[in-house]
Amino acid sequence: MTTREPGRPRTDRSPWNWLLVVPIVLPLLTFLFNSDEPRLLGFPLFYWLQIAFIAVGVTCTTIVYRMTK
Amino acid sequence: MSDHVTEIVVFTALFLAVSGMGFVAARWRRPDDLLSLHEWGLGGRSFGAWITWFLIGGDLYTAYTFVAVPALLFGAGAAGFFALPYTVITYPIVFLVMIRLWSVSHVHGLVTPADFVRLRFGSPTLALLVAITGIVATMPYIALQLVGIEAVLKTMGVSGSGLLSDLPLIIAFVILAAYTYQSGLRAPALIAFVKDILIYLVILVAVVYIPARLGGWPAIFGDAQAKFAATPAPGDGVLLNANNQLQYVTLALGSALALFLYPHSVTGVLASRNRDVIKRNMSALPAYSLLLALIALLGYMAIAAGVKPIGTDVNTVVPQLFDRMFPDWFAGVAFAAVGIGALVPAAIMSIAAANLFTRNIYREYVNRDATDVQEAKVSKLVSLVVKVGAVLFILLIDPQFSIDLQLIGGVIILQTLPSVALGLFTRWFHRGGLIAGWVAGMGAGLAMLYVIENPATKHAHFGGSAFPLAKLGLDTRMTVYAGFLALIVNLVVAALATLAARALGAPDGPDGTRPDQYTADEGDPRVKDLDLSSST
C-alpha cells in the first residue's frame, strides 16, 4: 500500500478503505444506544456509547491513514 | 452591569490581545506578495498538520455550536445530541473525498468548490449555481457567529435594546473585518491556536468543576429527566422516542454530508500543504467531537443548576451557567473563549464567500482577464461587504431568523453534493441533469421547510428541519430531516435528466481534468495557467 510501483499511477484504492464504513454506520444505529441502562460513571448508555464511537472513528481512520500512507 | 466588571475586563483584555494577533498575522510565514487569492485566501496553500488541525477545528466547531448545541439539549434533550454522531461520521465520509478535491485543486490552482465544478463539467451556469448556493448558505452562518457573541454580551449586561447597546457587537466585528482584510486566512489560522486552547481549558474545567458543584452526573441527568417529564411536549426527553429516531439519524447523516460542502470547510482543506496533512487530520479532528459532546452536556448542567434563559433567547443558557458557576475572572475567560471562538469561523467564512464571488461571479462574468492582484483586491473588499451584511442581519432582523436561515443553509448546501462530491468520482452526470437536480432538490427542500411549523417559537413556517412524514400522507408521527429528502429528490432528478439528455443527444460540457490529477500530490507538476476558461 505504501509502495508505489514505478510507472504505475498513484491510486487511492485499498481494501483498508472499507474500514471507514464502520464509524459511518455504527453511530446511525439508534437501537444500539437508545437506552438508559447500563450506565457508566452516571452517564446513560445513550451518551457514553455515542461518546465511545468517537474512539471507534479515530481508530478506524487512523488505521486507514497508516495502512494507505 | 456593575456585578460583571471583572468579567468584562478579562473578556475585553483577551479579546483585544487576540485581535492584535490578527493584525500581526500578515507577517506570519510572510510570502513575497500577499496579493493573490492563493496567499490572502488560502494562506499560501502551505499549512502543515498542526496548523490545519487548529484551523479546520476552529472553523467547524464554531461559537454558535458552543452556545446552540447545549441550548438544544437544554430545550429538547436527546434530539440535540445529534451533533455528536454528525461530527463522528463526517470524517470517515469525506476521508477519501477531500484528498481528491485537494489534488485536482492543487494541479489546477482551484480556490473554490465552484471552480472545480466549472472545470469538471464545463458549465459556467452550474458553477454559478454552486457559488450562489455557497454564498447564500454561508451568510447566515456568519450572522450566527454574532449570535454567539451577543449571548455573551447579554449575560455580561452590556447588551440590551436600541442602537447604542449594539455598539460592542459592532466594534467586535469592525476589528474582525479589519484584520481579515489585512491578513487574510493567516489571521484566523493564527488566532485559532488561542481560541482552541481557551475553549479546551474552559470546557475541561467546566466538566469537572460544575458537576462536582451540582452533585455529580447522575443528579444532572436526573434533573434533566425530571424537567422533560414535567413538560407537555411529546418529543423531548433524555432518550429518543419512536418518532424522532429517523430524524436523529437523517439529520446527523445529512449534516455530515453537508459539512464539507460548505465553502469555508473547503477553504480550510485547500489551505493544507499536501494530502498527508488532510488524511492525518481526518483521524485527528474527532478530538474536537469529544469536546463537543462535553459542551452539549452543559445544557443538562444548566437544567440542574436551574438556569433560566434571558428573555426567550435560549442561547444565553451556557453563558448564564458560566456566570453562575464560575468565579468572575474565570467566567470572563470563558466568555472570551466564546467570543474569540466566533471570530475564527466568521473570518474563514467571509473569506470563503468572498473567494466564491471573486472566482465564480466576478471573474466569470465581470472581468475575464482578472489578474491575481485584482482577484485578491476584489476578494478583500467583498469580505468586508459580507461582514457588514452579517452585522445588519443581526441588528435589523430577529436573531431567530438567522437561525432559521442557517437551517435552510444546511438544506441548500446539500444540493451541491451531486456536482461537487460525486463529481470528484464520476463524470457520469450530464451538466443539464445536475442543473435540473439542483433546481428540483432546492425546490423540494424549500417547500418542505416552508410547511414545517414550530409551536414553541410560534412559527407557522420554517419552524425547523424535522419534516413530518404525515405531510406526505403517511400515517405516522415520524419526522425526517428535510435536507435528506431533498437530496434524494435531487439525485433522482439528476439521474433521470442525465439519461434524458443523453437520449436526446444534448451537448455535454468538456471535462478539464484527467484521472491522474485526482491523486496528484505536493511536488507533482501543476497546470501553470490558472485561467479556468483556457485550461480546458
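The backbone N, Cα and C atoms fix where each Cβ goes, and this holds for glycine too.
Taken from TrEMBL, the feature transmembrane segment covers B:6-26 (among others).
Per TrEMBL, the feature transmembrane segment maps to B:79-102 (among others).
The transmembrane segment annotation in TrEMBL covers B:123-143 (among others).
What TrEMBL lists as transmembrane segment is B:163-181 (among others).
If one looks beyond the transmembrane segment (B:193-212) by at least 6 residues along the same chain, the residues whose Cβ comes under 8 Å of a Cβ in the stretch are 14, 18, 21, 54, 57-58, 61, 66, 220, 291, 294-295, 297-298, 301, 305, 321-322, 325-326, 330, 333-334, 336-337, 340-341, 343-344. According to TrEMBL, the feature transmembrane segment maps to B:193-212 (among others).
What TrEMBL lists as transmembrane segment is B:248-271 (among others).
Marked as transmembrane segment by TrEMBL: B:283-303 (among others).
Look at TrEMBL and you will find B:329-357 (among others) tagged as transmembrane segment.
The transmembrane segment feature in TrEMBL is assigned to B:378-397 (among others).
Annotation source TrEMBL lists transmembrane segment at B:403-425 (among others).
Same-chain neighbours of the transmembrane segment (B:432-452): 121, 123, 125-126, 129, 133, 407-408, 411-412, 414-416, 418-419, 423, 461-468, 471, 482-483, 485-487, 489-501, 506, 508, counting only residues six or more beyond its ends whose CB sits under 8 Å from a CB of the stretch. Residues or ranges marked as transmembrane segment by TrEMBL: B:432-452 (among others).
Under the heading transmembrane segment, TrEMBL lists B:478-501 (among others). Sequence-distant contacts of the transmembrane segment (B:478-501), counting only residues of its own chain at least 6 positions beyond either end whose CB sits under 8 Å from a CB of the stretch, comprise 242-247, 250-251, 253-255, 257-258, 410-411, 414-415, 417-418, 428-430, 432-434, 436-442, 444-445, 448-449, 452, 465-469, 508.
Under the heading region 'Disordered', TrEMBL lists B:507-536.
The compositional bias 'Basic and acidic residues' annotation in TrEMBL covers B:523-536.
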TODO: Could you pull out which residues elsewhere in the chain have a CB under 8 Å from any CB of the transmembrane segment (B:283-303), counting only those six or more residues past its ends?
DONE: 49, 53, 56-57, 60-61, 65-66, 69-75, 80-81, 83-84, 87-88, 91, 199-200, 203-204, 206-207, 210-211, 214, 220-221, 223-224, 227, 238, 317-318, 320-321, 325
- [ ] Using Cβ atoms only, state whether the transmembrane segment (B:248-271) and the transmembrane segment (B:79-102) have three or more pairs under 8 Å that are 6 or more apart in sequence.
- [x] yes
Open item on the list: How about long-range neighbours of the transmembrane segment (B:123-143): same chain, 6 or more residues beyond its ends, C-beta under 8 Å?
Closed with: 62, 64, 112-115, 117, 262-264, 345-346, 349-350, 352-353, 356-357, 359-361, 364-365, 386-387, 389-391, 393-394, 402, 405-406, 408-410, 412-413, 415-416, 419-420, 431, 434-435, 438, 442, 509
Task: Contact between the transmembrane segment (B:378-397) and the transmembrane segment (B:6-26) (at least 3 Cβ pairs under 8 Å, separation 6+) - done: no
TODO: Return the stretch with the most CB pairs under 8 A relative to the transmembrane segment (B:79-102), choosing among B:6-26, B:329-357, B:403-425.
DONE: B:403-425
